[in-house]
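Have a look at the structure below, then the notes.
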Amino acid sequence: MSLGKVVQIIGAVVDIEFPQNNVPAVYDALRVTDGDLTGLTLEVQQQLGGGVVRTIAMGTTDGLRRGASVMNTGESIQVPVGKATLGRIMNVLGEPIDEAGPIGEEDRMSIHRAAPTYEEQSSSVELLETGIKVIDLVCPFAKGGKVGLFGGAGVGKTVNMMELIRNIAIEHSGYSVFAGVGERTREGNDFYHEMNDSNVLDKVSLVYGQMNEPPGNRLRVALTGLTMAEKFRDEGRDVLFFVDNIYRYTLAGTEVSALLGRMPSAVGYQPTLAEEMGVLQERIASTKTGSITSIQAVYVPADDLTDPSPATTFAHLDATVVLSRDIASLGIYPAVDPLDSSSRQLDPQVIGQEHYDTARGVQTVLQRYKELKDIIAILGMDELSDEDKQLVSRARKIQRFLSQPFFVAEVFTGASGKYVSLKDTISGFKGILNGEFDDMPEQAFYMVGSIEEAQEKAKSM
């Protein structure tokens, strides 16, 4: 329990001098013990020599003065874990921020842990049904897998994420952990009330480090959430871990890296980008005891998927759901691009031949339609062969049938949400591909659940 004193403050980075025979280790948590900011937690990042350590503040440093005394706790940041965290909102340090009293946890764990060893890990090919047609058809999720929702600003990552949580949390009765990393406070608030209204709040732990927080909070809050998820997994449960947004985690790392004086790499990102991403992603793993299924929203800067941040994230995922601005501009929601999205599970040996053939058939028709669009724009539909005209008609029906009303968007759209089973999804698209619905107007397929609903809608048109 050595004491040190603050010698330099540069924004969120604070240098502290300790006796040379008692210097804190990297990742040790330090606590300010006097002045206006008593209780502020700092995390050691570097040892500079001469007894001085460089730390990142887990809160605002406004009002911190040089000479303030700081105590070494002798351990890394410890957060509450276990059932006591369910239904609660916590910050990066595991402190409650929902004004509902103390957490009352029985156990605490360090946010810095090693990933499961090679022997402990296990893989699964069991599918996780989401009830969202386009995802179940084209990029199915695996239980215990990692999924990324990629998209630029305002194409619906958070709404898709909330719908997935609602569907999976209600249909799958396990526990979930939600880490809000550098997102809007309003969305965090909406999310809390959405979970409360759906009666699934008692199965979700919420950890928030919002946009207005210092970079230290946003960098560590994903690890706090992950630690809680790991505890549920180690108890033998199948847990869902949601992160919104992984890009803000990278961005916080960039801010911290610049403050620590590291030389930036490509596009101004931190030189340790791949390592920081790896440290987080490798811990999100399923073991022989239990599984973590992770769904992560990934903001794509300027809609450029080759940007180093989304590109680094791609390498760790089993399924990628790419949201497209072009599809959103057509009014088709969820705006998932069925040609850009992919999944490792899309294999006939995993999902079965019928599902595989239907998914590939849908992609083939949409790809051909994409190629014909230029010809249609220049020469018009009349110049196409009869075969191509039929293909375009089916493609437009498929495109509209890939849309569906969401439960979490009911307040905005006025349409009641739909959960579509995988069996209904496959039979619907198979029917369109086989020409069973060629006589129906394409508008009948827009914003419906199953194909039976489209048939009902067509009767009234």
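Each residue, glycine too, has its Cβ placed from N, Cα and C.
Quick look at what Swiss-Prot annotates:
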- Gly151, Gly152, Ala153, Gly154, Val155, Gly156, Lys157, Thr158: ATP binding site (BINDING)
(request) Have a look at the binding-site residues (Gly151, Gly152, Gly154, Gly156) and report the one with the fewest Cβ neighbours inside 10 Å. (result) Gly154
(request) By Cβ count within 10 Å, point out the most packed of the binding-site residues listed: Ala153, Val155. (result) Val155
(request) Please state whether DSSP places Thr158 (ATP binding site) in a helix, a strand or coil. (result) helix
(request) Starting from the Cβ centroid of Gly151, Gly152, Ala153, Gly154, Val155, Gly156, Lys157, Thr158, which together make up the recorded ATP site, report each further residue of the same chain whose Cβ lies within 8 Å of that point, ordered by sequence. (result) Tyr299, Leu323, Ala328
(message) At a 10 Å cut-off from the C-beta of Thr158 (ATP binding site), count the other C-beta atoms across all protein chains.
(response) 20
